[in-house]
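Per TrEMBL, the features are:
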- C2: active site, nucleophile (ACT_SITE)
- K595: active site, for Fru-6P isomerization activity (ACT_SITE)
- 2-210: domain 'Glutamine amidotransferase type-2' (DOMAIN)
- 279-416: domain 'SIS' (DOMAIN)
- 449-590: domain 'SIS' (DOMAIN)
Amino acid sequence: MCGIIGYNGIRQATNILIDSLKRLEYRGYDSAGIAVLNNKAIEVYKDKGRIIELERDLPEIISTVGIGHTRWATHGKPNKANAHPHTSGDIAVVHNGIIENYEHLRDRLTQLGYVFVSETDTEALAHLINHYYRNNLMDAVVSALNDIKGSYAIAVLCGSELVAARKDSPLIIGIGDNENFIASDIPAILKYTRNIIYLDDMEVACVTPDCVSIFDINKRQIEKTVNTIDWDLEAAEKSGYDHFMLKEIHEQPRALHETFAGRISELEGNITFDGLNLTEEEIRSISRISIIACGTSFNAGLLGKYLFEYMTHIHVDVEIASEFRYAHSSPGSLVIAISQSGETADTLAALREAKSFGCRTLAITNVVGSTITREVDSVIYTRSGPEIGVAATKTFLSQVGVLYLLSLYFGKLKGIISSDRIKLMLVSLKKLSAQIRRILDDKESIRYCAEAFAPANDVFFIGRTFNYPIALEGALKLKEISYIHAEGYAAGELKHGPLALIANNTPVVAIATRGPIYDKMVNNIKEVKAREAPVIAIADEKDSEIEKYVDTVIRVPSTEYVLSPVLSTVVVQLFSYYVAKSRKCPIDQPRNLAKSVTVE
Ligand code: AGP
């Protein structure tokens, strides 16, 4: 997704802009550009392709103020004309988001004599600001924003004036010594400052080298808190792993530990959340829950459904956020939005829809201060640490960790789960980190297996009940990073259609940990074996039966059946990673995908 950087200070702006843009590469982009004030004139350098190419082609520039952008195409092709910054006269603009009324604005501005040179919505904003400009950039920006519909995070440069604003798209201000920054994401500027202001919707910031002034859209000045970031840039870099994804898979024991820290006491069987804001009585009165999410977070939500229904007997609907918005029936009395980034436009739109029904809302997210956290009644943070790889791994596992705690807590209050059972579950939950480490220590066996199947064109992942969401997640991981066609199926559903696709060149990953319907799962494995499919089973280390039915077994440590999805997840992540590595795919930045999807 698009990235924004802005700088106003005393150092060479180009160096800082380029360096910061490189730190935003993980968000995914197809073109990049900068605009700087060079000797009283704004100069723009931009092109399709990588930042390193943009840097290579830059001339010698002396400038201490500028803006930069990485673009992920939404309006118009990825090319030089459509790359940001966009200019109009002396105004240069970078923008994330979508201006919904841009065609109307384009007609209006064309009639006023403005000439459009790109296919982007952002160019209309540049002309609009120019149209309103009367020697005060902030006034012009505010007037222009009042005319636009849609979402935006923007940085605008005019001479040495630098202004930022946001609505429905993340933007932060970094506070330095005699220099200040604008960025769409913290890692972009963490090298330069740890002091961050989170801009809220409809706020505008004027950024000079020694001052940041923030105003609401009515130009009333407002006081904002400066937050200190306590995680390191190193934590946002690869630490010696080949890819962020592999590093983040290895960070999962720690992430899960953090998710549970301070929230569980296995001796007393207690679970506590600081941001829940729901009384015990309110929880007891919940009769239906709706979970809304996208992609990997949806898969976590689906596991949440199985967990809540098992532990609380509350009916749960899990909805793809982009579909939920258009449903015609009301959601449950509690709506849980799951989003690692907290910025996913589809999830935010669904959440706003849910709020219009008067439901209680709860967010499970990883990003403190993200948009979603400011729109819900309650927030539970997953505490996974920054995740850079586009393919979500540790954030998924931490979401699942929160869902275990939440469903157990609700189940206790509803009287469905006994105190003794909760204590046992909490003990088993706490053991998961060490058990994940054992899987990681044995990752070479997964690599060996993955490399054998890397040439496949189609792969199926199958599982039942609690393992079904992990089958979906395995298929999603494999397709997004290896570009292999993969399907996740409830194993009992294969015979209703997809079995027609199974043949001796269709590997099947069967998640077959022991549980109440293990025998039925074995029957499903026999169905695919009968079609000569090579089968890789993910099975309990104590299961001595499974090898009779499959070609390869990947073992996971023994745990409660309902908790085994956590361990199987790590296997499907590593399997997908090694397949993609063997196929030499760009694992951390898969084609066409972005880390934070802030458009609907
Ligand atoms: C995960 O690997 C994907 N990149 C994607 O499906 C992601 O989970 C989805 O876009 C939702 O993102 P969110 O959790 O930030 O809302």
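Positions of Cβ are set from backbone N, Cα and C atoms, glycine also.
TrEMBL annotations: computationally assigned, not manually curated.
Around K595 (active site, for Fru-6P isomerization activity), a 10 Å sphere centred on its CB holds 23 further CB atoms from the protein chains shown. Rounded to the nearest whole angstrom, the C-alpha distance between the residue listed as 'active site, nucleophile' and the residue listed as 'active site, for Fru-6P isomerization activity' is 10. According to DSSP, the domain 'SIS' (279-416) comprises 63 helix, 28 strand, 47 coil. The residue listed as 'active site, nucleophile' has a Cβ environment of 29 other Cβ atoms inside 10 Å. The helix, strand and coil residue counts that DSSP assigns across the domain 'SIS' (449-590) are 67 helix, 27 strand, 48 coil.
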